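Asks: Just dropping this structure here.
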Amino acid sequence: MMLLAMLWILFYLLRTVRCPCAVPYRDAHAGPIWLRGGLVLFGICTLIMDIFKTGYYSSFFECQSAIKILHPVIQAVFVIIQTYFLWVSAKDCVHVHLNLTRCGLMFTLTTNLAIWMAAVVDESVHQSHSYSSSHSNASHAHLASDQRAGNPVGGDSCLCSTAVCQIFQQGYFYLYPFNIEYSLFASTMLYVMWKNVGRFLASAPGHSHTPSPLSLFRDTFFAGPVLGLLLFVVGLAVFIIYEVEVSGGGGRTRQALVIYYSFNIVCLGLTTLVSLSGSIIYRFDRRAMDHHKNPTRTLDVALLMGAALGQYAISYYSIVAVVAGTPQDLLAGLDLTHALLMIAQHTFQNIFIIESLHRGPPGAEPHSAPTKEPCQNLTFTNLDAFHTLPACPPTPRLVSPSPADQREAVAIISAPRSQWRRRCLRDISLFLLLCNVILWIMPAFGARPHFSNTVEVDFYGYSLWAAIVNICLPFGIFYRMHAVSSLLEVYVLS
């Protein structure tokens, strides 16, 4: 599949180079910089993983089939070609060979989903072997090692016994989550390209919400950025403590889990309350709602709702395991609270972001333009010259103020309130942005309390629970990154 996908990508690139008229339009909203930057970052990590994987299998190549050694090499070439293709063509709206282009994009998307599923299966198998090795005797661990190497028992020459081989093995298993995220990013961008095939865009570019550098950090109370930075720093410290202590075993593992869950409960609780506060503030916002058709905004909303389902699933299964399982202790209570707050935080944050994205930009309040009062007591003979004259000043009248004057007076009086709401919304957006960054860093770089806490493992069994987490958690990581991008746009719109 990867070879066929690479051939189609090369065909697409050559066609667009030789025939620029094939792409008459480019969608300015498609392929934002954060999505392309994340694709490049995870692509680099995937390349490193493929290097480690090739080195690992080459350590005992006499026991491996040639296809097993060539697979990471082919995948590395595929990642390089696809990353370049998506970087330069993510905004294309193709208007030639429509059916062929749609089929090629969908085939490439399917290839990425297949790579994602293969990575999920490999990581689940590795975690199951690691769990079995740590909870069994030495002979069972020896058998698991032989099975991982793909050899019958007794083949000592095929064991990963050297230090370099073990570094390669641990390295590429550690980088599996980045490969999974790369496949999700690539699938998202390919789906956007597929939607844009044959699409016509208006010649006049739409309004942009890109902020100027001078106004990016203006008009805030600084409470949101300061509290968000504080939680970010504390979260980094908690993450380091967790990674150091969780592998200690016994009381150290329990202490690390208590610290990890306590921080996440505080962070999720604050973000839930702040998101709810932002939604309440929008009840008093006078800005007009933007009901224009916007495919990019529609896709953003769909990605937020769809990616949240992964964390919803993990939280649901955790709640079932804690409620139905025994015994009930401190870790079970923390796990239950964490799962409930995770569902609440995703729900209220999605409501806040979606409502924010449908608000008009600053200054979108409807206002009526002042009308020119016709000149009075003016004698003229040249009609064209009369139309070039400026409007005459209004004649003073002893009458009651007009409805337009009343609206203007109300707008002047309510301006400070509107400014206060804008500052609150900016603080809320920055606070949620920083919290989502630290909540992304923890699982993206290896924090797995789902396996260190044995409540779910004892209830579902390790293999089933590992499959649930490895399938759903990448969507949760993707949700955090997409939420950061959406919150940045919310901050600008506020």
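Including glycine, each Cβ sits where the backbone N, Cα and C put it.
Copying in the features that TrEMBL gives for the protein in this structure:
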SIGNAL    1-19  signal peptide
TRANSMEM  34-57  transmembrane segment
TRANSMEM  69-87  transmembrane segment
TRANSMEM  221-242  transmembrane segment
TRANSMEM  258-282  transmembrane segment
TRANSMEM  302-324  transmembrane segment
TRANSMEM  428-447  transmembrane segment
TRANSMEM  459-479  transmembrane segment
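Relative to the rest of the structure, where do these features sit?
Replies: Packing against the transmembrane segment (34-57) from elsewhere in the chain are residues 64, 68-69, 72-73, 75-76, 79-80, 83, 86-87, 90, 160, 164-165, 167-169, 171-172, 175-176, 178-179, 181-182, 185-186, 188-189, 481, 484-485, 488: each is 6 or more residues past its ends and has a CB under 8 Å from a CB in it.
Within its own chain, the transmembrane segment (258-282) has Cβ neighbours under 8 Å at 227, 231, 234-235, 238, 241-242, 245, 330-331, 334-335, 337-338, 341-342, 344-345, 348-349, 351-352, 355-356, 359, 421, 424-425, 428-429, 431-432, 435-436, 438-439, 447, 449, counting only residues six or more beyond its boundaries.
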Asks: So, does the transmembrane segment (428-447) come close enough to the transmembrane segment (221-242) to give 3+ Cβ pairs below 8 Å, pairs being at least 6 apart in sequence?
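Replies: Yes, these stretches are in contact.
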Asks: Looking only at residues six or more beyond either end of the transmembrane segment (428-447), which have a C-beta under 8 A from one in the stretch?
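Replies: The answer is 174, 177-178, 181, 220, 223-225, 227-229, 231-232, 235-236, 239, 242-243, 260, 264, 267-268, 270-271, 274-275, 277-278, 281, 349, 352, 356, 473, 476-477, 480-481, 483-484, 487-488, 490-491, 494.
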